[in-house]
Amino acid sequence: MESPKNSLIPSFLYSSSSSPRSFLLDQVLNSNSNAAFEKSPSPAPRSSPTSMISRKNFLIASPTEPGKGIEMYSPAFYAACTFGGILSCGLTHMTVTPLDLVKCNMQIDPAKYKSISSGFGILLKEQGVKGFFRGWVPTLLGYSAQGACKFGFYEYFKKTYSDLAGPEYTAKYKTLIYLAGSASAEIIADIALCPFEAVKVRVQTQPGFARGMSDGFPKFIKSEGYGGLYKGLAPLWGRQIPYTMMKFASFETIVEMIYKYAIPNPKSECSKGLQLGVSFAGGYVAGVFCAIVSHPADNLVSFLNNAKGATVGDAVKKIGMVGLFTRGLPLRIVMIGTLTGAQWGLYDAFKVFVGLPTTGGVAPAPAIAATEAKA
């Protein structure tokens, strides 16, 4: 049984491979053991395997998924989560570029783009099929960078805050751990996303502005300056931080409830296919909540990045408070629900591919230790 104190030891002390320090320790311990054996006139008492292991290395091994070599909460674990985030966010956002394009234009020019169907019709008539994928390069690059930071730092902050809180408080306030970890990760992720988002919106809502990222980026800088790339950072935080807090906390809670009430077997006994299905379902429901919570700020981001010198006050005056909450919302619910479900499905599929467990359905590490200690 694992001691609850083990989870409070910093993650850098977990080891599965020999570091220079552990190698030196092994050499010292081995030399001492050999010297004692040579001085002994008779064979030493037979040691148990456990005692031999404890003499060889006193560092605590981090848990691993059977059959694979990636330790939980090791640098390789965070690298895998980071790469999974790149795949899940970059590819999914690029795929829904046509929906995003119509949504942005409905927010900017509702008199022209009155509905989803008419919006697609207008784009097809004016720009052709190619017009549906205008801005896909900044979308792919921006959301790949955001996904890397979002998922990688979420796993890091979730573990860090769990360690700081300790087993008892982590078990009691795990939702707060999810909220704090996701908010911290999104602050960093949006700094990476913001320049790409600014260019993307300008390219998508002003067809004559630029063809894409290669010519749009220098044109934007020439027009707005480098500071203009981060003009929408505060509204972007206002959109993405509540979105991500809802995305991760609700997903973790929904998945836990699915395994608790809808599936008769524990998660550990479910097939990987079923676990990935749960990830998609939990992600889709979480995405609906995300869209509702973050939609007013999404309207602000689109408005500010579309017009030079525009302010939040201008946006509120032109769109109105009701419009901030409702303009383009049905399309965004469909888009974000599908997007979030696909993101969690892809992210967990990659984790399974590299031998890691899927996300959710279990408590954070210190909380698990506390449960085991009470058993």
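Using N, Cα and C of the backbone, Cβ positions are placed for all residues, glycine too.
A quick note: this is a predicted structure, and the numbers were derived from the prediction, not measured.
Quick look at what Swiss-Prot annotates:
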- 76-96: transmembrane segment (TRANSMEM)
- 76-160: repeat 'Solcar 1' (REPEAT)
- 97-134: topological domain 'Mitochondrial matrix' (TOPO_DOM)
- 135-154: transmembrane segment (TRANSMEM)
- 155-175: topological domain 'Mitochondrial intermembrane' (TOPO_DOM)
- 173-257: repeat 'Solcar 2' (REPEAT)
- 176-196: transmembrane segment (TRANSMEM)
- 197-231: topological domain 'Mitochondrial matrix' (TOPO_DOM)
- 232-251: transmembrane segment (TRANSMEM)
- 252-272: topological domain 'Mitochondrial intermembrane' (TOPO_DOM)
- 273-293: transmembrane segment (TRANSMEM)
- 274-353: repeat 'Solcar 3' (REPEAT)
- 294-332: topological domain 'Mitochondrial matrix' (TOPO_DOM)
- 333-353: transmembrane segment (TRANSMEM)
- 354-375: topological domain 'Mitochondrial intermembrane' (TOPO_DOM)
- DSSP residue counts for the repeat 'Solcar 1' (76-160), split into helix, strand and coil: 74 helix, 0 strand, 11 coil
- Note on the structure: Grouping DSSP H, G, I as helix and E, B as strand, the residues of the repeat 'Solcar 3' (274-353) number 72 helix, 0 strand, 8 coil
- Item | Folded-back contacts onto the transmembrane segment (135-154), same chain, C-beta under 8 angstroms, at least six residues removed | 78-79, 81-94, 97, 100-101, 181-182, 184-186, 188-190, 192-193, 195-197, 199-201, 203-204, 212-214, 216-217, 244, 248, 343, 347
